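The region 'Disordered' feature in TrEMBL is assigned to 1-48, 148-178. Sequence annotations record features per position, and here TrEMBL assigns compositional bias 'Polar residues' to 1-10. Residues or ranges marked as compositional bias 'Basic and acidic residues' in TrEMBL: 11-21. What TrEMBL lists as transmembrane segment is 198-217, 223-245, 355-373, 408-430, 437-454, 466-491, 503-522, 537-557. What TrEMBL records for HIS492 is active site.
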Amino acid sequence: MSQGDAITSSHSDRTEKRHDSTSNNLLDLPPQAEDVKSSSSKKKRSAYRHTFPVHTKILPSPLSKEAPPESYRGFVNLGMLLLFGNNIRLIIENYQKYGFLLSIPGSNVSKQDWILAGLTHAILPLHVIVAYQLEQWASRKAKGFRKRLADQKENPSIKEDEDKKAVPAGDKVRNGKKDKKNLTLEEQIKENRKTVGWLHFANVSLILGWPSFMSYFVIFHPFLAMGCLMTSLILFLKMVSFALVNQDLRYAFIHDTPATERSSPHLTKVHNDTVTTTNTTSDGATTTTTLTTTTTVVKTITVKKDAEKHGGTYQYEVHYPQNIAPGNIGYFYLAPTLCYQPSYPRSTVFRPSFFFKRVLEIITCLGMMYFLIEQYATPTLQNSVRAFDELAFGRLLERVLKLSTTSVIIWLLMFYTFFHAFFNALAEVLYFGDRRFYLSWWNATSVGMYWKTWNSPVYTFFKRHVYLPMITSGHSALTASIVIFTISAILHEVLIGIPTKMIYGYAFAGMFFQIPLIALTAPLEKWRGTGSGLGNMIFWVSFTILGQPACALLYYYHWTKRSMNA
């Protein structure tokens with residue numbers, strides 16, 4: 001072979017190898033346009049191949065259930081734009097129909113109603129003073145009982161002498177009354193506990209009793225009356241918690257035992273909260289983490305060490321009877337919680353910018369709520385009266401759906417105003433540390449989950465003072481839940497029926513029939529899982545789209561008819 005033939009042969013070998021490598025690369029990656037163009041210009045024989053595979057994996061459609069999580073930000077943006085455009089249309093339509101309906105807030109309220117409402121709010125703190133004086137008297141009694149029990153332990157002969165002086169149980173009643181002079185020490189402690197309990201019962205009954213009388217018979221404007229009853233209801237729950245907690249603290253102090261010693265093992269089990277979180281990784285794998293949190297009592301020695309340990313917050317402990325002090329009950333009276341305890345976790349820094357932002361949010365949201373009520377909700381309610389008279393169900397449904405948009409926005413503004421802005425502003429002023437006033441109720445996949453997450457102060461109160469005591473005394477969870485919703489239904493009827501002078505049972509029924517609604521949606525949560533979108537939609541439709549507007553229409557219709565007949 002000549003030298004020229006060898007060069008030609010080696011050149012052809014290199015060309016074949018390059019051609020083979022190009023074919024292999026085509027099987028791996030799609031060709032780029034610039035590569036094709038450059039290769040065709042250099043080598044006309046390396047033509048484009050249509051044989052490379054494009055379907056190489058088993059993949060679902062992005063909207064399928066089997067697909068990995070996708071971002072739907074574009075759809076969210078589209079929905080927000082459509083909602084914004086529709087609301088602009090409603091604003092224009094509303095202005096063309098009714099004009100500008102706003103007036104100065106409170107201008108249609110009589111001067112007498114303002115004075116009576118202010119007087120009602122001003123008298124409520126007197127009940128706090130009564131509760132404090134009552135507990136102060138009970139603490140002095142408790143100190144005496146504790147000293148006598150300690151003397152009996154040190155000198156058993158004292159107890160024997162008192163037992164000899166005690167009259168048999170059958171002879172302790174004279175003329176229908178007990179002779180307290182002949183009671184043993186333990187019996188005197190029990191009698192004192194009953195006396196304090198009945199006095200607290202009388203105090204908390206008056207907290208709800210006379211504001212209810214004022215709201216029903218004296219104060220005409222329903223919103224002012226509702227504000228008085230709301231304030232009295234909050235104080236009612238606070239003083240109930242104050243009485244129950246101090247009752248147990250007083251018992252533990254008299255017998256020189258820790259307050260938690262009386263808790264049964266079942267109570268400790270119920271206090272353990274299990275939280276399950278699910279995380280999805282980028283490769284589609286799902287990991288589940290279960291966290292168990294137990295309620296414990298944290299004892300602290302110094303503020304600084306505890307602040308470093310808990311990231312800027314601290315917990316201190318006040319023992320009975322040192323907690324029976326004006327500052328202690330005054331702090332609880334103002335604190336954004338319904339559950340009394342001798343001490344609370346406290347923050348260490350006041351943030352002025354945070355506080356003034358919350359105040360600005362309160363003012364803004366209240367203004368928006370007033371605008372929506374006067375400009376949009378009121379005309380819709382007025383136009384629904386004729387549909388009620390004619391029992392035109394089609395028009396009534398249209399009124400409910402039209403009102404639902406406004407009512408949902410008002411309700412969301414109400415939630416944000418009070419549960420976030422107001423409570424956080426108040427907590428910032430009081431250095432109140434535990435600010436979990438609500439959980440992510442908007443993701444609720446059942447009605448039961450909603451009631452557990454949307455109002456943490458009320459939920460915690462009923463769990464602590466009603467549910468757990470009933471469970472530990474042997475009642476079933478269903479019985480405890482029925483009792484809680486019955487109490488809640490009565491309080492809702494008081495809060496709505498009395499100010500409107502219409503005790504028709506609508507609010508009571510709306511709350512009480514949450515029990516069967518919870519029973520109906522609970523299987524759906526088990527079937528679809530805790531993250532079910534279907535359950536979340538059922539919650540929104542049943543509670544906010546249909547439930548609240550329908551209830552508002554019913555009350556407004558009866559209010560209008562009663563005003564016309566007056």
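Keep in mind that glycine also has a Cβ here, set from the backbone N, Cα and C atoms.
Remember, it's a predicted structure, so these values are computed and weren't measured experimentally.
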Please list, in sequence order, the residues in the chain of HIS492 (active site) that are at least six apart in sequence and whose C-beta is under 8 Å away from its C-beta.
ALA507, PHE508, GLY510, MET511
Which of 198-217, 223-245, 408-430, 503-522 has the most Cβ pairs closer than 8 Å to the transmembrane segment (437-454)?
503-522
Long-range CB partners for the transmembrane segment (503-522) (under 8 A, at least six residues beyond its ends), listed in sequence order, are 446-448, 451, 481-482, 485-486, 488-490, 492-493, 495-497, 535, 538-539, 542, 547, 551, 554-555, 558
